[in-house]
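K.L.:
This structure is in structure tokens; I'll ask about it shortly.
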Amino acid sequence: MDYAVHASIPINQSASISHTYISRDNPMSNEATNIGASPSSEREDKVMLDFYIGLGLAVSSSLFIGSSFIIKKKALIKLASEECTARASEGGFGYLKEWMWWLGVITMGLGEACNFAAYAFAPASLVTPLGALSVLVTAVLSSHLLKERLNLLGKIGCAVCLLGSTVIVIHSPKEEEVASMADLALKMKDAAFILYVIAVILATLFIVIYICPRYGRSNILCYISVCSLIGSLSVLSVKGLGLAIKETLSGNQQFTNLLTYFWLFSVIACVSVQLIYLNKSLDIYNTSMVTPIYYVFFTTFVILASSILYKEWSCLGASDVIGNVIGFLTTIIGIFQMQLFRDVNISLRHVRVLLNKPSCSLSQLEFHNSTSSLVDDLSPQQRRNVYT
């Protein structure tokens, strides 16, 4: 029966069917098919390799930058113990002669270099939120090396930051729409990107000229909003410059391309403005307030800008988008918890005592200024149990 059907089919169709039978049964034909599909597989492997390289560089950057703060702080503490040396806050420059301070500067330089390189390999929506890990590294190392207190809420905040960062890594985009300077030049002509740049420039000028002189010393958002808006453009510029360097190293010369120098000029201009207004904010307001608020605003604008220019979220499904948002919000909660409640005097031992006291309620707990205690309502004997 099979032979009769086969004989009734024209020769060309019979040959195609025979080829189909062979391709199913003959492993050599399957191997040939796989060889034909290998370019796509190689591209996916390259995309994942770039993603993991960028992820490793971003995590390394956070480790280096977080450690650099501790190293420089130890150098300044050492200098402060020497009475003959003027402190940095008093205008002294004795730290320039301290090798440990320079070690901190070199460590920070390595961190920034890793961060710069990470933008060339991984999406900005992955690299920027992972900057929260540097805050975590600083908090953990300061509690061990500088003997600064990291209370129970701070430790929980560290764990929450790690959880949020892990969620971001899992759900972040693994590949980008822009793979070359030619693609980037086309994306820069997009109306949405042009409107975003114009809106950022106009909003920044309005804040600098009108808002900051009037409310800069009373509203923490004035200077931080300038840093964040301009910071989003600086990240786009860094990523564009990193892409040019990456292509040049792969053999496609980009230093003859005017777009490379445009990104270089943009990096210098944006970072300069960013540093000026960040220093103004730190000079007026408490670091524990500036750090979390700046992280939230800066990361939000960077994710928005990179999604407009580099279309980083275009390949994500709904579940990954939701996962990114949840991971980002979780990281924000961890950052705020570490920074805003670091002066609250609470430990696991305090919690045990509070749980063992039936009459204790939340309404009875009072916080006093920046060194609050959650055991003020305990009896003398219970307080001795807490601190012994």
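Cβ atoms here come from the backbone N, Cα and C positions, even for glycine.
Sharing the features that TrEMBL gives for it:
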type     : residues : note
TRANSMEM : 51-71    : transmembrane segment
TRANSMEM : 99-120   : transmembrane segment
TRANSMEM : 126-145  : transmembrane segment
TRANSMEM : 152-171  : transmembrane segment
TRANSMEM : 191-213  : transmembrane segment
TRANSMEM : 220-238  : transmembrane segment
TRANSMEM : 258-278  : transmembrane segment
TRANSMEM : 290-309  : transmembrane segment
TRANSMEM : 321-341  : transmembrane segment
K.L.:
So are the transmembrane segment (321-341) and the transmembrane segment (152-171) touching or not, going by 3+ C-beta pairs under 8 A with a sequence gap of 6 or more?
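P.N.:
They are in contact.
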K.L.:
Near the transmembrane segment (51-71), which same-chain residues lie under 8 Å Cβ to Cβ, leaving out any that are not at least 6 residues past its ends?
P.N.:
100-101, 103-105, 107-108, 110-112, 114-115, 117-123, 126-127, 130-138, 141-142, 145-146, 169, 174-175
K.L.:
What residues in the same chain, six or more past the boundaries of the transmembrane segment (126-145), come closer than 8 Å to it by Cβ-Cβ distance?
P.N.:
51, 54-55, 58-59, 61-63, 65-67, 69-70, 73-74, 111, 115, 118-119, 154, 157-158, 161-162, 164-165, 168-169, 172-173, 235, 291, 295, 298-299, 302-303, 306, 327-328, 331, 334-335, 338-339, 342
K.L.:
Can you name the far-off residues of the same chain, 6+ from the ends of the transmembrane segment (290-309), with a Cβ under 8 Å from a Cβ of it?
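P.N.:
Here the qualifying positions are 123-125, 128-129, 131-132, 135, 178, 184, 187-188, 190, 192-193, 196, 200, 220-221, 224-225, 227-229, 231-233, 235-236, 239, 278, 281-282, 328, 332, 335-336, 339-340.
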